[in-house]
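**Q** Structure incoming, see below.
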Amino acid sequence: MSSHTSTPNHASAAPPRKWYDMTSAEFYVYVVAFMCGISMLMPINAVFSAPSYMLQYYLYATKDPNHVPQMTNFWSNVMTYYNLIGLVTGLVMEPLTLLKSFRKIPMLVRLLGGLCILIVEIIVLMAVPARGTTEGGAVATMCIAGFIGGLGKSIFESTVYGMFGAFPPSFTSIMMGGVGISGVLTSLIQIIVKAALPDTYEGVKKQSYIYYSLDVGIQAATFIALIMMRFNSFAQLHFGDLGGVKSKVDAGSLAGAGENVREPGAEATELEQYTEPAIGQIQEKNAEAHKDDPLVDREHSDDVDEHGDALRAVEGPTSNEILRATSIISVLRSIKWMFVSCAFVFVVTLFLFPGIATGMFPESKWFATVAVFIFNCCDVLGRVAPALRFMWPRSYNQRWIIVAASFARVIFVPLLLLYSYHYIPSEAYGYVIMVIFGFSSGYVASMSLTLGPQSKGIDNDGKRFVAGTLMGISILVGGTIGTVLSIMTQTIREKY
């Protein structure tokens, strides 16, 4: 490759594309990315949106509204334990998805399998109370459901992050927006349902059925949308057909990444490197990159031009072969700072939220509900902020700003701990701090997840997929550490 390709040429870079230039196939992939984001956290959001049902699950499992619990510590912290079981399961399982044996499984199978497991999680939570069991059985059910949820989430999440890591960065931003919308949607429904139904034994049961039915419906819609995406031309251009057939992009190509073609490791110094050309421009760029390559099948290319099928111009290895040939360690070295940034965001967020951040007014019927809703709304605003160009670092070398912002969020620890001890007794303070806390969490996490697969040295689809998967693991690492710290802190507070 000639030396001029390693230096960004902004004059020749494709201009930003207008929304009306988007093809229907590309729009459909955006919709699927959004739906995948919603589905990713919908089960845990549905569970957390019915806290009364979870905190008193033993009443419904035993079918006894007057049952006196024997395992009081477990039920007092059931939400935290449930979340921790899922996180630990994911922390163990998600790295296993990077094994070569697992990477042989077609992506579509992984996606649909993960969704099915997440649906089973909700079915278990609803089926056991329908048949009835003991309090011990209720505890076992919660642990099993948490494990099932963690297993399904690890498979689905790692594949989604990896898959959309191979697409232009705006798809990751849209997917992250869906993750945030999932929380907003469940919080909004929680407020409506809480106002409409009484907090009685039967009222709480109806509330839980509403949340869980919504979850299953969304998962089913995503299931169908993913099956249809297998036949989507835009998806095929970026990562085969999700089923393990020949990829339409060769293993070393940068086509579809929304970047200028450059040598591996060449530094992308300006924001314009992330602009996304139209499909035709991608194909022209790919052809230009290979025009001097003697290995390219000229006769095949001429035949493709004759039939007008640009998607078959370069037929590379299968998407699974690309994945198996990718070095995990080298990818981790390339994304290490974005990995650390993303992990630390979730250390702080899950250390403080929801337990410490919303538990200071237990006698208030609405404080926790409204605080969670505000957090979720601001979180989704932060997650979609990277869709705005001015919210990105101005150059590649300014990525340190995202890492610094991640570590700067540690300031929320003393602010919210002091608030939880009522040194600042105002509920209004809690609402205001949730605005900043939620937006910063969503923005820094989304930017880290978006920039990770766009790092130096991540120069083909296989590396982008692995980078996206590793960024998903960073969420689990940070979330697990934060949740453990939260449990330890709240246990100490109960004793002292």
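Including glycine, each Cβ sits where the backbone N, Cα and C put it.
Below, the features straight out of Swiss-Prot:
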TOPO_DOM  1-26  topological domain 'Cytoplasmic'
TRANSMEM  27-47  transmembrane segment
TOPO_DOM  48-77  topological domain 'Extracellular'
TRANSMEM  78-98  transmembrane segment
TOPO_DOM  99-107  topological domain 'Cytoplasmic'
TRANSMEM  108-128  transmembrane segment
TOPO_DOM  129-135  topological domain 'Extracellular'
TRANSMEM  136-156  transmembrane segment
TOPO_DOM  157-172  topological domain 'Cytoplasmic'
TRANSMEM  173-193  transmembrane segment
TOPO_DOM  194-208  topological domain 'Extracellular'
TRANSMEM  209-229  transmembrane segment
TOPO_DOM  230-336  topological domain 'Cytoplasmic'
TRANSMEM  337-357  transmembrane segment
TOPO_DOM  358-365  topological domain 'Extracellular'
TRANSMEM  366-386  transmembrane segment
TOPO_DOM  387-399  topological domain 'Cytoplasmic'
TRANSMEM  400-420  transmembrane segment
TOPO_DOM  421-431  topological domain 'Extracellular'
TRANSMEM  432-452  transmembrane segment
TOPO_DOM  453-464  topological domain 'Cytoplasmic'
TRANSMEM  465-485  transmembrane segment
TOPO_DOM  486-496  topological domain 'Extracellular'
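So where do these features actually land, and what's packed around them?
**A** Mean pLDDT of the predicted structure over the topological domain 'Cytoplasmic' (1-26): 53.
Sequence-distant neighbours of the transmembrane segment (27-47) (same chain, 6+ residues past either end, Cβ-Cβ under 8 Å): 54, 79, 82-83, 86, 111, 115, 118, 121-122, 125, 149, 152-153, 156-157, 160, 164, 167, 171-172, 174-183, 185-186, 211-212, 214-215, 218-219, 221-222, 225-226, 228-229, 232, 234-235.
Outside the topological domain 'Extracellular' (48-77), and at least 6 residues removed from its termini, the chain residues within Cβ reach (under 8 Å) are 128-129, 132-135, 137-139, 141-142, 186-187, 189-190, 199, 201, 204-205, 207-208, 211-212, 354, 368, 372, 487, 490.
Across the topological domain 'Extracellular' (129-135), DSSP assigns 4 helix, 0 strand, 3 coil.
Tertiary neighbourhood of the topological domain 'Cytoplasmic' (157-172): same-chain residues 29-30, 33, 36-37, 40, 90, 94, 97-98, 107, 110-111, 114, 238-239, 242, 256-258, 274, 276, 386-387, 446, 449-454, 461, 464-469, 471-473, 475, selected by CB-CB distance under 8 Å and a gap of 6+ residues from either end.
Sequence-remote contacts of a segment are chain residues at least 6 beyond its ends whose Cβ falls under 8 Å from one of its Cβ atoms, and for the transmembrane segment (173-193) they are 30, 33-42, 45-46, 48-50, 160, 164, 207, 210-211, 214, 369-370, 372-373, 375-377, 379-384, 386-387, 442, 445-446, 449-450.
Under 8 Å from some Cβ of the topological domain 'Extracellular' (194-208) lie the Cβ atoms of residues 50, 52-53, 56, 59-60, 65, 126, 129, 369, all in the same chain and six or more residues away from its ends.
Within the chain, the transmembrane segment (209-229) has long-range Cβ neighbours (under 8 A, six or more residues past its boundaries) at 28-29, 31-32, 35-36, 38-39, 42-43, 45-47, 49-50, 108, 111-112, 115-116, 118-119, 122-123, 125-126, 185-186, 189-190, 193, 235, 242.
Residues of the same chain lying 6 or more positions beyond the ends of the transmembrane segment (337-357) and with a Cβ under 8 Å from any Cβ of it are 48, 79-80, 83, 368, 371-372, 375, 399-400, 402-403, 405-407, 409-410, 412-413, 416-417, 420, 430, 433-434, 437, 441, 444-445, 448-449, 451-452, 455, 470-471, 474-475, 477-479, 481-483, 485-486, 489-490.
Long-range contacts of the topological domain 'Extracellular' (358-365) within its own chain (CB-CB distance under 8 A, at least 6 residues past either end) are made by residues 371-372, 419-422, 427, 430.
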**Q** In the same chain, which residue numbers or ranges, 6 or more beyond the ends of the topological domain 'Extracellular' (129-135), come under 8 angstroms Cβ to Cβ?
**A** 57-58, 60-63, 67, 69-71, 141, 205
**Q** Hey, which of 108-128, 136-156, 432-452 has the most Cβ-Cβ pairs under 8 Å against the transmembrane segment (366-386)?
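**A** It is 432-452 that shares the most Cβ pairs under 8 Å with the transmembrane segment (366-386).
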